[in-house]
Amino acid sequence: MLACATPTTIADRVRGLSDRAIAWLFITPTIALLLAINIFPLIWAVYLSFTNFRANRPNAEVESVGLRNYQRVLNDPDIWIAMQTTAHFVFWTILLQTVIGFALAYLIDRKFRGHAFWTTVILIPMMLSPAVVGNFWRFLYQPQIGLFNYIVSFFTGIPPSSFEMLGSVSLAPWAIIIVDTWMWTPYVMLICLAGLRSIPDYIYEAAEVDRASVWRQFWSITVPMALPFIMLAVLFRGIENFKMFDMVMLLTGGGPGSTTEVASITLKREAFESWLTGRSSAFAIILFVAVFGLANIYVKALNKVKQR
Amino acid sequence: MSSVNTTAHSVVEPTPTVKRIAGTIVILYALVTMVPLAWIFLTSIKSPPDSISYPPKIVFTPTLEGFCNLFTTRTRQTPDYIQSLPAPTGACDEITRGRNMVIAGPSNYWPRFGNSLVIAFGSTFLAVSLGTLAAYGFSRFRVPLADDLLFFILSTRMMPPIAVAIPIYLMYRQFGLSDTALGMILLYTAVNVSLAVWLLKGFIDEIPREYEEAAMIDGYTRLQAFWKVVLPQATTGIAATAIFCLIFAWNEYAFAVLLTSGAAQTAPPFIPTIIGEGGQDWPAVAAGTTIFLIPILVFTIILRKQLLRGITFGAVRK
């Protein structure tokens, strides 16, 4: 045993830390930060969701209310409407972004002259701040002076002041869907492009030898081989759009009425305007569990597609 | 590439006609998506009346009024009073007086822009540093429960920001971190570090372990090998990760609007609050937006290769 304590181990200790110590030294700060800024608040939110605490009355007595907050949230018709609105947004934005994004990726993959330059140009909207750009889109949507109504009337002849994108109950959701699609289609396009580039050339060459039509190649090779990537893009956009806040806040603030009030807006109103901290925490936890659960089910499906 | 060429192109190479059609559609799409951005820039150099005229003006006399209004606060005065003032001290002063107003002082735009710079770069630096260390740790050593820890790190991104904002708001109030740059830097670091660990682990996994082992045989310690061999190899990956963290922190709105009210407010919540007489002063808003977008635009164009790699890479890994 004593022989083990040779000068080499001492020398090692002088020369540097052991691998184990380095591993912990390197990983601990990140875990500590995440615990402090992500997990601790999350646990606190769980605790708050069982109380009647209100953040604007820090000195009032805090009472435990059991599951009453959860009961109230789940029985509140307004919250169910907000969830429906959110689902509606997620569905349409994903559908439009996937179709347009995939089509663009397919065309860019034809490698026409200057495709790299135009890809960069298309990427620009997704690099920008949704809030800052969303605020400017409010100007573009002005019925009397905005560019959007002018262009629509130029092409269709509908008088520009006859429709209000942000003020009309039926058009306001579409106003947001248009901006979100403008902004995030490039993201879906990029992931699809990665998928298309991952398909080896020899498969197409074989299909060509078999005289498969372009249409047939598209549906039997391109789409199935790129499917895991498309599903991944849908997952990322789905999680993001479930949380959608900044753009809606700046474009409509949830209005007119509550036609564009998505879950995050309801949450913000309950937490920071009505100051129902306990109740809004319960709603937040329900939302988190919903996203987490849906994402997990989806990832399982994705893995099945990948294994095929 | 197959060596057998039956036609002028390889078998899978699209024909020139196909390429031309594809190119035309993509370019049309690109031009349409650029219209709102071009309009922001044009509005920033219009006078307020020109900015709200109908039909929208494409030909107009450019003016710096929007930028002057962005950087200053003004008060309305009587023409007699303005007449009595000494000669204007600059172009902005002159434009302002032409509208029967006098510059009262600087606006809050530059301080807010400065906050954005400090918070975005500070949190990016921290997130990338911590992320690189953790990624190296996960990549090279057997960490107990590594998969669970990595999944936990990723899952912190699924929470809607507003949901965690309530307890963070309470916590920051307790520790005196609310409305401070440090508080925002820590928060954005925490949000970004999960992405940084995932992206960087992929990049570091690709660097052969043999490099460090060779260095260690040459007498380097593990830390020296990490510093002098692994880090230089990982530069591209670190750059790509840094751009993503920077873009997020630069653009973030939800936390910023809920947790800052003045001292540490960044530009995204500030720009929409720029108002003139009778509502939003659109040329000033457009000027503020233009200035705010330029750094990210320049970044995107210079670093597009790393960006493409980062996004597609993330897609391939996960």
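Glycine is treated like the rest: Cβ placed from N, Cα and C.
Residues or ranges marked as transmembrane segment in TrEMBL: B:21-42 (among others). Remote same-chain residues near the transmembrane segment (B:21-42) are listed as 14, 58, 286, 289-290, 293 (criterion: CB distance under 8 Å, separation of at least six residues from the stretch ends).
Sequence annotations record features per position, and here TrEMBL assigns domain 'ABC transmembrane type-1' to B:113-303.
Here TrEMBL flags B:117-138 (among others) as transmembrane segment. Within its own chain, the transmembrane segment (B:117-138) is flanked in space by residues 146, 149-150, 181, 184-189, 192-193, 195-197, 199-201, 203-204, 226, 230-231, 234, 238, 241-242, 245-246, 249-250, 264, 266, which lie at least six positions past its ends and keep a Cβ under 8 Å from the stretch.
Per TrEMBL, transmembrane segment is recorded for B:150-172 (among others).
If you look up TrEMBL, you'll see B:184-204 (among others) marked as transmembrane segment.
As annotated by TrEMBL, transmembrane segment applies to B:225-250 (among others). The list of residues near the transmembrane segment (B:225-250) in space but at least 6 beyond its ends in sequence, with Cβ under 8 angstroms from a Cβ of it, reads 116, 119-121, 123-124, 127-128, 131-132, 136, 188, 191-192, 195-196, 199-200, 202-204, 207, 211-212, 215-216, 295-296, 299, 303, 306-307, 309-310, 313.
The annotation transmembrane segment is assigned in TrEMBL to B:282-303 (among others).
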